[in-house]
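Novice: My questions all concern the structure below.
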């Protein structure tokens, strides 16, 4: 059964704090195992990569078989049904349109002293996209990661995807082509992350690694950060639904289960001021669970990490939502916009009963790569900005240096950095 909390209970604060602190991540020896793999690939390159692929994916290759060929991609596209390809194309187009609006603008201006200042944006040269394999192979995630990179101007986009027993999801390859991926390699796990970061004879290193994966992939991304950039450390998926008594219990239950079916560690939460709705949603969840193909996963998620939180009024939901900082926030109330405007922390917000989070997963246009595990308190979802760098620009002439130089020299001396002061003083004939 899910956790039931009531804001009016005397022990609510204690129970809510415990609920927030409950760990949903796989831990134990994952980091040590990932470190061993990353270090091995860094040392031995392709040899270590091929050994790990044989061990974990039961796929024996030589280095020439790592890259997925153009012929394989073409065959995969032909194997996909037309309706699904059309849906992927629609998703790609909407994602591209949305992300083009995020492109930042360069700036250059002159201040009252005549100093020229500004900044400019440039795309990173290369990015690596990690795509999970097996049952968690999601072509939509390929588009969500690849399209913003291409919009930003990344010229080399490398995809790695595990191929258990040699099998690749044709839709993943089709999405890679639609998204503008330039290279695809049939490797996964911590070993693929290591190859993208350190490079091997076959796979050239990239500047940044993005994309979700299991606990070993997440640990490997932590380990290579600094050598390369990373997007975020993705945890189990989560949704928070805030609803009043106008909410449709069947719809809300379906949305809660849409997250629960992802992973046994996924989290689905309802906050409501309606006791009737809370009871109806709980009944609807139990009924719908019986009809889901992934009922075992969804049932475990709902039982272990689900929650229904009662509040006296929806004003009480606001600080709770900010504390939860959910990856996905759905608001099904009479005035969802007004409530959303008062909530600070959420990865993405879905307004109104006709905006299920699943639309955002696929064809809404906004990105579904979002901060989890309360990291929406300080971070944002994937965007064009993740694939770009901002460089500041400064230009002084003789007059501007004379106006600003003495103050800079004073600060240099105050910090004990005499060479700093001298580099200015020589230009002003003061050193």
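Positions of Cβ are set from backbone N, Cα and C atoms, glycine also.
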Novice: Check Swiss-Prot for me: it has 259, 262, 328, 361, 415, 420 binding substrate, so pick out which one of 237, 383, 392 it puts in that same site.
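Specialist: Between 237, 383, 392, Swiss-Prot records just one in the substrate site with 259, 262, 328, 361, 415, 420, namely 237.
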Novice: Taking Cα-Cα distance, which of the recorded positions 130, 191, 214, 327 are within 10 Å of residue 361 (substrate binding site)?
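Specialist: Checking Cα-Cα distances against residue 361 (substrate binding site), none of the recorded positions falls within 10 Å.
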Novice: Neighbours of the NAD(+) site 130, 191, 214: Cβ within 8 Å of the Cβ centroid, same chain, sequence order.
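Specialist: Same chain, not in 130, 191, 214, Cβ within 8 Å: 132, 160, 162, 188, 189, 190, 192, 193, 213, 216, 217, 220.
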Novice: Measuring Cα to Cα, how far is residue 130 (NAD(+) binding site) from residue 259 (substrate binding site) in Å?
Specialist: 21
Novice: Going by C-alpha distance, which of the recorded positions 191, 214, 327 is nearest to residue 259 (substrate binding site)?
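Specialist: That would be 327, nearest by Cα distance.
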Novice: May I ask which residues of the same chain, at least 6 positions away in sequence, place their Cβ under 8 angstroms from the Cβ of residue 420 (substrate binding site)?
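Specialist: Those within reach of residue 420 (substrate binding site), by Cβ under 8 Å and sequence separation of 6 or more, are 408, 409, 412.
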Novice: Given the binding-site residues 191, 237, 262, 415, tell me which ones have a C-alpha lying within 10 Å of the C-alpha of residue 327 (active site, proton acceptor).
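Specialist: The binding-site residues passing the 10 Å Cα test are 237.
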Novice: Can you tell me how many other Cβ atoms are located within 10 Å of the Cβ belonging to residue 237 (substrate binding site)?
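Specialist: Other Cβ atoms found within 10 Å: 25.
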